[in-house]
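First the structure, in the form of structure tokens, and then the observations on it.
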Amino acid sequence: MDINLIDSHAHLPHLTNKPTLETLLTGAKDWGVEKIINIGTDLKEHPKVLEVCTNYQNVYCGLGIYPNAERDKTLADIVTKLEATLQTNPKVVAVGECGIDNTGWSNQRPLSEQEELFEAQIVLAIKYKLPLIVHNRNGTESVINLLRAAGKNAPFNAVIHCFDADWATAKRFLDLGLYISFSGFITRTTKKYLTGVAQKVPQDMYLVETDSPYILPQSAQIEVSPNKNNEPKYVRIVAQSVAKARGTTLEEVAYQSYTNSCKFFALH
Ligand SMILES: [Zn+2]
């Protein structure tokens with residue numbers, strides 16, 4: 001049985017030259033990847049992300065401002081520009097990625113400013129009835145507080161992309177009605193706790209992604225050596241790892257995650 005997958009999170013602008021976008025998208029199709037959500041993380045990148053969506057029928061996008069991006073602009077300026085871009089193309093199917101990153105970047109925004117930027121994007125997601133793609137690195141408390149507060153005023157969907165924590169944390173997100181997205185992290189022997197999360201997550205609450213060109217699945221490392229760039233086709237390896245953790249088949253995980261992604265992003 002052939003399978004259909006959706007890579008719910010890839011950064012195609014970072015990949016355009018290595019290999020060429022065309023080769024990469026053909027490779028994805030050959031591996032059963034039917035649709036890709038292309039992610040834009042700053043204002044300069046958004047036109048490139050939209051261009052790929054316009055040129056390829058099976059590529060959709062999420063547009064957002066990364067926690068540490070656009071530090072030279074005011075919040076009002078960022079929101080105005082992001083909002084204008086969100087309205088330009090029906091293939092924008094999400095706001096994000098956006099969220100909290102406390103990993104000690106050299107250009108890191110202070111936490112309070114990251115929270116303001118995230119909150120502004122939650123407001124946009126609600127306003128345009130789009131789901132939210134959440135980036136969370138050492139920011140669980142802020143993410144939960146802000147999403148919980150926003151959810152009290154208006155219902156909206158959000159996914160914790162590239163989920164990288166234990167079941168207790170996953171449960172806190174799931175209890176708020178949030179989706180969990182598994183990446184190549186689940187293939188790593190150093191992150192065994194993710195197997196437990198994949199085992200227990202309800203079947204209608206998870207997505208799969210590559211976050212390519214980052215987070216290359218462990219078993220793909222030999223194939224793409226030495227450049228080590230991840231690409232959308234490897235979402236199949238992520239799905240295989242989720243299937244193994246859940247004690248089920250790749251077909252079942254492909255079907256379920258495909259259905260979940262279509263519902264989450266309102267794809268047809
Ligand atoms: Zn990303």
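All residue numbers here begin at 1 and follow the chain in the order shown.
Cβ atoms here come from the backbone N, Cα and C positions, even for glycine.
Among the features that TrEMBL reports, divalent metal cation 1 binding site is placed at HIS9, HIS11, GLU97, ASP211. The divalent metal cation 2 binding site feature in TrEMBL is assigned to HIS135, HIS161.
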Q: Show which residues of the chain containing HIS161 (divalent metal cation 2 binding site), separated from it by at least 6 in sequence, have their CB under 8 Å from its CB.
A: SER8, HIS9, GLY96, GLU97, ILE133, VAL134, HIS135, SER181, SER183, GLU209, ASP211
Q: By Cβ count within 10 Å, point out the most packed of the binding-site residues listed: HIS9, HIS11, HIS135.
A: HIS9
Q: Around the recorded divalent metal cation 1 site, report the further residues of that chain (criterion: Cβ within 8 Å of the mean position of the Cβ atoms of HIS9, HIS11, GLU97, ASP211; site residues excluded), sequence-ordered.
A: ALA10, ILE39, THR41, ILE133, HIS161, CYS162, GLU209, THR210, SER212, TYR214
Q. When a 10 Å sphere is centred on the Cβ of GLU97 (divalent metal cation 1 binding site), how many other Cβ atoms does it contain?
A. 26
